Structures are given as C-alpha cells and as structure tokens.
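J.: I'd like to ask you about the structure that follows.
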Amino acid sequence: MRTRILGAALALALLLAGCSSGGTRDDGRIVLRFQSLAWQQESVEANRELVAEWNATHPDVRVEYVQGSWDSVHDQLLTAFEGGEAPDIIHDASDDLADFAYGGHLADLTGLLPERLTSGIPRRSWETTTFGDGVYGVPFLQEPRVLIANTALLEESGVRVPTPEHPWSWDEFRQATERLSGDGRYGVAWPLKEPVSATLNLSLSTGGRLFHRGADGKVTVRFEEGDEVVPRTVHAQVNTDRSASPTTLGSGGSDTLPGFFAGKYAMVPLGFSYRQQIVQQAPEGFAWRVLPAPAGAGGLAQGVSPQTLSIAEDCPHKEEAAAFLDFLLRPENMVRLALGDWMLPTGTEALADPALHTAEHGWATGTALAAHLRPAPAQTVRGYPEWKDKVATPALQEYYSGAIGLGELRERLEEDGNLVLARYQR
Amino acid sequence: MRTGRGARAGQYAALLAYLVFLAFPFLWLVSTAFKSPRELGSLHPAWIPDDPTLANFRQAFDEQPLLHAALNSLLAALSAALIAVVVATPTAYVMARRRSALARAATGWVVVSQAFPFVLLIIPLFLVLKNLRLIDSVPGLVMVYVVWALPFALWMLTGYVRAVPAELEEAAAVDGAGRLRTLVSVTAPLLAPGIVATALFAFVTAWNEFFFALVLLKTPEKQTLPVVLTHFIGAEGVADLGPLAAAAFLATLPSLVVFAIIQRRITGGMLAGAVKS
C-alpha cells in the first residue's frame with residue numbers, strides 16, 4: 001500500500017514537472033502578446049491571418065495571438081495589470097478603458113503612432129479613447145444601432161421606408177410601429193436587457209446629453225427635454241400604443257430573433273453586427289432589411305463605444321507594438337477586420353472600401369451612418385458603472401414596463417444619480 | 001407499514017418530475033448541440049432536432065483547441081483531486097478523533113474560510129503565485145484548486161471519519177493491531193466511499209472552475225476547457241449558441257462518466273459502513 005501511495009505521489013510530481021511553464025520564449029527576438037477578443041469564426045480567422053502575415057514579414061518581432069473573452073475581459077485585465085502580467089497589445093472597448101487609463105496601466109499612444117494612422121481616423125473617434133491629456137487606445141471598429149425590419153411586413157403596411165438621407169423622426173417611428181402592429185404582431189421588439197446604453201446612445205439623436213460637466217469639471221445628471229424623447233417613445237409604444245412587445249424588454253438582442261423570424265415582431269432595434277446572426281439563422285426566403293434608427297433634433301447622431309487596441313504601459317517594446325498596430329490597422333486590413341466582425345471601421349479610407357458599400361446585408365445603410373456616430377455620452381464619466389447598475393438600469397426598466405412615470409424616472413436618475421456621481425468627484 | 005399502490009405511484013411521479021427538473025438543462029443542451037443555426041432561430045424550438053447535424057461539433061473543434069483544453073482540465077482536475085485527498089484525509093482524521101482546542105479551531109477556520117468570495121482572494125493570490133513563478137503554469141493552478149477545495153474536503157471527510165465508530169479501532173488494537181495497521185486495514189476501507197466522494201467533489205470543482213484559470217493562465221496552449229468555452233461568447237453576451245452547446249456538452253461528459261462509474265461504489269460503501277456500525 002505504501003509503495004502504491006509513493007508511486008502515485010511520484011507520478012504526480014513528474015506530471016506536474018512536465019507541465020510547468022517551460023521557461024523563456026525569448027530567443028533574442030522580441031515577443032509581443034496580442035490579446036484579441038475576436039470571437040466570431042470569420043473574425044478570429046481574419047485576426048489570426050493578419051498575425052501570421054506580420055510574423056512572416058517581421059522575423060525579429062514575433063506576435064503571439066492570445067484569445068480573450070468579452071465576457072470577462074475587465075476582471076481578467078484588472079488582475080493581470082495589478083500583477084504586472086498583462087498582454088502587450090490589448091483588444092477592448094473604449095467604455096472599458098477609463099479605469100485602466102487613469103490607473104496608469106495603459107500606455108499613452110501620443111507620439112507613438114504614425115501620422116497615417118492618427119490622421120486616418122476621425123477626431124470624434126479619437127475622443128472615445130482620450131482620457132485627460134492622453135490617448136490610450138486606437139478606436140478601430142464600431143457599430144451603430146439600426147432597425148432590422150421584416151421586408152414583407154414593411155411593404156405590406158405601406159409605411160414610408162426610411163433611408164439615411166430621409167430617416168424617420170421619432171414620432172414617425174412611433175406611428176410606423178402602430179401601423180405595423182395587429183393580428184398578434186408587434187411593430188417593434190425592444191431588447192432592453194441593458195437599457196441604459198441603448199437609451200443614452202440613441203438619445204444623442206434628440207439632443208440628449210444627460211451628463212453635464214460644470215466649469216469646475218464636475219459632472220451632474222440633468223434629465224432634460226432632449227433626454228426624454230427616446231424613453232417616452234418606448235414607454236408609449238409598450239404601454240399606450242401596444243405596438244412594442246412588453247416581454248422583450250428584459251431580453252438580449254439574440255432573444256428577439258426567433259420572434260422576428262416568425263413574423264411576431266416587424267422590427268427589432270439591434271447593433272449592426274447582429275446581421276451576422278440573422279444571416280445564419282433566418283429561415284430560407286426570409287427577407288429583411290436594415291433601416292437607420294430614427295432621427296431627432298440631433299439628426300442621426302448616436303453614441304458608440306468603439307472597439308479599441310491599446311498597448312500596456314508595462315510593455316517594454318512599445319514602438320514595436322505600435323508598429324504592429326499600424327500594420328493591423330492599415331486600411332485594407334481594417335476592412336478585413338470589419339467584414340469579419342460585421343462592423344464598421346473607424347478609418348476613413350477603410351470606410352470608403354467598396355466592399356462596405358454594397359446593398360447586400362445592409363452594409364451601405366450602416367456605412368452611411370458612420371459620419372453620425374459620436375462618443376457614447378457616459379464613457380468618460382467616473383462613477384458611471386455604479387450609476388448605471390444601481391440607479392439607471394432599474395429606473396429605466398421600471399419606467400419602460402409602466403411601473404413608474406416620467407416624473408419618478410427623472411427624480412431617480414437625477415437625485416439618486418447625482419448622489420452616486422458625487423462620491424466619485426470629491 | 002405498507003405503502004399503498006396510489007401512494008407508491010405518487011412517489012414515483014414526484015421522483016420522475018424531480019428527475020426531469022434536474023435533467024432539463026442538460027437535455028436542452030444536448031438538443032441544442034445538434035441543431036442547425038436556422039433551427040436555433042426558431043420561435044417554437046423542438047426537443048428533437050428536425051434535421052440533426054454534427055456541424056456544431058465540427059465548428060467547435062475547428063475554431064477552438066477543445067481536445068488540448070480538455071487534457072489541461074483533466075490534468076489540473078485529477079492532480080487537484082489527488083492532492084486534496086492525500087492532504088485532507090489524515091488531517092480530517094486528526095480533526096475528528098482528537099478533541100483538542102487546535103482541532104476545534106481548525107474546524108472553525110474551515111467553516112469561516114468558506115465565507116470568503118474568490119474575487120477577494122484573486123489579486124493577493126495572483127501576486128503570491130507570481131512571486132513563486134507559478135503564474136501561467138498548470139502546477140500553479142493545481143495549487144490554487146487544492147487550496148480552494150481543501151476546506152470543504154476537510155469538512156466532508158471529518159464527517160466521514162466521525163461516522164466510523166472508534167470502537168472498531170479499539171477492537172483492532174485489542175486484537176494486537178498497531179496504529180498504522182488499524183488505520184490501513186480497518187479505518188481506510190470504511191472511509192473509502194468518503195474519500196472517493198471527496199475526490200469527486202474536488203475533481204468536479206476543478207474541472208468546472210473558470211475564473212482562476214482565466215486569470216492565472218495566459219498561454220493559449222495551457223488554457224482549460226471552461227476558459228476556452230467562453231471564446232464562443234461575444235460582446236453583450238451574444239453567443240455562438242450551436243458550437244457553444246456542442247463544446248459544453250462534451251465538457252460535461254467526463255463528470256458524467258466518472259459519476260456513472262463510481263456512483264454504485266459510493267452508495268455501496270456507505271451502506272456497508274452503516275451496517276457495521
């Protein structure tokens with residue numbers, strides 16, 4: 001018996017020794033770890049191909065592709081930064097960068113990036129990754145929220161079909177959803193599991209700002225006329241017109257698709273990249289089209305938080321990492337990444353690529369909206385995540401479901417919200 | 001007292017309902033794994049796929065190194081289970097048999113240690129492992145799993161040891177058996193079901209564990225199955241449902257197989273112990 005236990009212990013020790021980390025990978029060449037969050041098949045392939053192309057042409061700087069996950073990226077990066085073990089090149093989204101940028105974990109890219117890259121991306125996109133005086137990421141992919149519509153139902157109803165040149169106003173949109181409703185069908189299904197970012201981003205089209213920065217630099221919440229239009233429209237569709245499904249208010253975007261395919265909902269407001277799922281899952285012969293989100297006093301403007309590429313402050317080879325970013329984000333490569341993710345590139349030259357202007361799958365409609373995309377209003381506000389989780393999400397959910405009125409919504413967003421923000425701005 | 005036929009039928013119906021309740025998520029997972037994307041987008045999903053396909057499995061294997069990740073998971077989980085049991089068994093024996101203040105304090109600490117959420121521990125743990133150069137290594141992960149499983153394993157095993165009557169050991173001593181002989185020939189066989197159950201608990205905990213593996217392992221070749229599974233999930237929780245279900249189904253198989261093989265032995269062993277006491 002004793003021999004057997006000793007044998008097992010020895011085997012285990014050997015087993016563990018055999019799988020230890022394996023020492024240094026650095027054989028004189030520079031090795032950079034690139035953590036990508038690409039997850040869709042085409043997107044992963046595009047990223048891997050680009051890394052392979054870089055490695056084939058840059059023998060002295062090897063890039064290792066590491067796959068991360070959107071689901072857990074914040075916690076994983078936080079721990080890696082604290083432990084000094086972060087990847088060199090980091091894929092994330094601009095609304096996740098503030099803490100890392102202010103915490104000194106990300107390198108300021110000012111002066112590191114070539115002129116071609118900095119001038120090739122519009123200023124409004126750079127604003128999404130600018131925190132204080134530094135730029136902490138390259139915004140490279142973004143997606144507007146669009147209306148995906150059932151073509152047959154749209155044509156049958158006789159409503160005017162909106163285009164980026166002649167979009168619906170929010171009132172027209174409300175009327176259209178009423179006309180599209182009936183026979184157990186809803187004109188629209190709002191997937192508002194995460195109601196805050198959808199509401200805030202779409203409210204830019206009606207001149208909503210919600211967050212107001214004072215002369216002292218402090219931010220306060222004010223729920224004004226421009227902020228009311230989108231919530232009021234959704235509330236009326238659900239509770240007054242019955243033209244929006246009340247059951248999808250707590251759903252994610254994917255959850256609305258089966259009902260959309262079955263003709264239960266005529267339209268669903270979704271991120272532009274959901275088209276990939278629609279192409280995969282739509283029943284044969286199902287015709288759909290992409291419509292721009294409604295416009296208001298602010299035109300077609302909406303807030304976005306682009307996907308970003310950053311360099312870790314601890315990376316010892318920042319120039320090489322910046323050179324890799326420059327390669328990865330060349331216009332032709334940005335187009336490949338955009339097509340793989342079914343999103344829009346931020347680069348103006350990439351955006352002009354004919355592949356992104358085809359009518360098929362609504363690419364042209366999305367591309368036409370690119371000029372109207374603005375930084376999401378909340379992303380530089382410190383304390384926003386807590387305000388969102390503790391105040392705004394429950395308040396908006398209750399308002400949309402009809403449990404509270406506009407007055408109470410305003411009161412909670414402003415009074416409770418400002419108490420939360422104040423704690424972060426002392 | 002005899003149970004009437006109606007009552008017996010009711011008991012079986014309740015049992016069946018409970019089984020269906022327990023099995024529902026797994027059966028749905030299996031059903032999803034064999035459905036095409038079109039069927040997954042259907043408003044009225046069926047239990048049995050209309051047109052069963054293996055495409056999700058093919059895509060899952062094409063996109064992610066599932067086999068390699070499964071081997072990593074197996075290695076980590078087996079090692080953790082083995083070490084946890086080797087450490088916990090003698091400790092639990094002492095804690096159960098010795099009524100000292102130290103044993104009582106240790107039992108209290110075991111219970112208290114369960115109260116710490118792992119998000120509290122992860123950064124200090126990360127720094128400790130970094131100093132030991134055990135970040136990004138399976139042995140480092142195994143160490144964490146052992147530490148994580150140990151309190152509960154100790155608590156479980158202490159209960160099992162207490163259930164073995166001390167009189168049996170005394171009887172063996174009267175018959176002339178030494179301490180070691182008593183432990184090996186009398187106590188250990190009676191404890192076997194408890195040890196197996198504890199090992200199983202440690203194995204399943206480590207096999208399913210996600211967060212530590214995510215944070216501690218960086219090299220793709222070392223990632224475990226739960227971490228690789230998240231690669232099928234995109235921003236805002238959008239998932240590539242078919243391949244995710246296929247991969248998750250495969251990931252549950254080892255636990256099921258292990259349970260199926262040793263379940264009878266656990267129950268048998270427990271009953272044997274009960275009769276002897």
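Please read every residue number as a count from 1 along the shown chain.
Cβ coordinates come from backbone N, Cα and C, glycine included.
Just so you know, TrEMBL annotations are computer predictions that nobody has curated.
Here TrEMBL flags B:70-262 as domain 'ABC transmembrane type-1'. Taken from TrEMBL, the feature transmembrane segment applies to B:12-34, B:74-96, B:108-129, B:141-161, B:182-207, B:244-262.
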J.: Where, among B:12-34, B:74-96, B:108-129, B:141-161, do we find the most CB pairs under 8 A to the transmembrane segment (B:244-262)?
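T.: Maximum Cβ contact count belongs to B:12-34.
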J.: Restricting to CB pairs under 8 Å, which listed stretch, B:12-34, B:141-161, B:182-207, is in contact most with the transmembrane segment (B:74-96)?
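T.: The stretch with the most contacts is B:141-161.
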J.: Taking residues 6+ outside the transmembrane segment (B:12-34), which of them lie with a CB under 8 Å of any CB in it?
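T.: For the transmembrane segment (B:12-34), the far contacts come to 40, 45-49, 52-54, 56-57, 241-242, 245-246, 248-249, 252.
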